[in-house]
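J.: One structure, as structure tokens, below. Some questions next.
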Amino acid sequence: MHRGKGMKFVGDSRIPAVRKPNIPKDYSEYPGKTEVFWPNFLLKEWLVGSVFLVGFLCLTVAHPSPLERIADPTDTTYIPLPDWYFLFLYQLLKYSYASGPYTVIGAIVMPGLAFGALLLAPFLDRGPERRPWKRPVATGMMLLTLAAIVYLTWESVVTHDWEKAAEQGKIRAEVEIDTNAEGYKIAQANTCTSCHGENLSGGAGPSLVGTGLTAEEIAKIAKEGQGSMPGGIFKGTDEELQKMANSSPA
């Protein structure tokens, strides 16, 4: 019979099983390329986090968040603008194939396919290669998506009317409008309030509050028009025009 054939080693009861408690090494026993979690590693993390926190707080103090006037849901002329990380979706909804009757495609279907593909990427690309040039399909899709996001964001920034956006969101001083005044009733009768708002603070037309215009300039604009406002809208007499201009909150 060969030695060990058919035999099973079940242990030797004469050899004691020494179990030592899991005690961490002393600080002095660590080699030069390693370090203890506390205080070395964790203290460095805290210091880096503190620097970023202080920098972020200084940034918020130096550049506070821009505030606009109180939101008015009845103002149909207001053009909303999302945060910068949603600008590419905002621009996508401007195209004909993703807006109007096709809003569902631009708002749900296309982003859903993109984020769904991102979630399924680890399951679809199961190859052993990790170098980008060895994974042409995955790398190409990533670069195409990144290029589309950058282009749509840039296009949204370029085509947005920033001057109009700053003007429409400007916080204006509240001015009490006497709706019983004769000048206000004249403006209301000539449909001025339908464009400039019931409080003359702006609507489809610009605000008439705090414009700095003189009564003569207001009368001239009301008679001849200016910009997108055509002339001949005011149908009253010269006397009514003068009363309206003199009572303007400009």
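Each residue's number is its place along the chain shown, starting with 1.
Note: Cβ is positioned from N, Cα and C throughout, glycine not excepted.
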J.: In Swiss-Prot, which of the ranges 185-206, 229-250 has the region 'Disordered' annotation?
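T.: So the range that Swiss-Prot calls region 'Disordered' is 229-250.
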J.: Excluding the flanking five residues on each side, which residues at least 6 beyond the ends of the transmembrane segment (137-157) place their CB within less than 8 Å of a CB in that stretch?
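T.: Here the qualifying positions are 84, 87-92, 94, 114, 117, 121, 125.
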J.: Note down the number of other Cβ atoms within 10 Å of the Cβ of His196 (heme c binding site), including every protein chain shown.
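T.: I get 20 for this one.
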J.: With DSSP as the reference, give the number of residues of the domain 'Cytochrome c' (178-250) in helix, strand and coil.
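T.: Tallying H, G and I as helix, E and B as strand, the rest coil: 32 helix, 2 strand, 39 coil.
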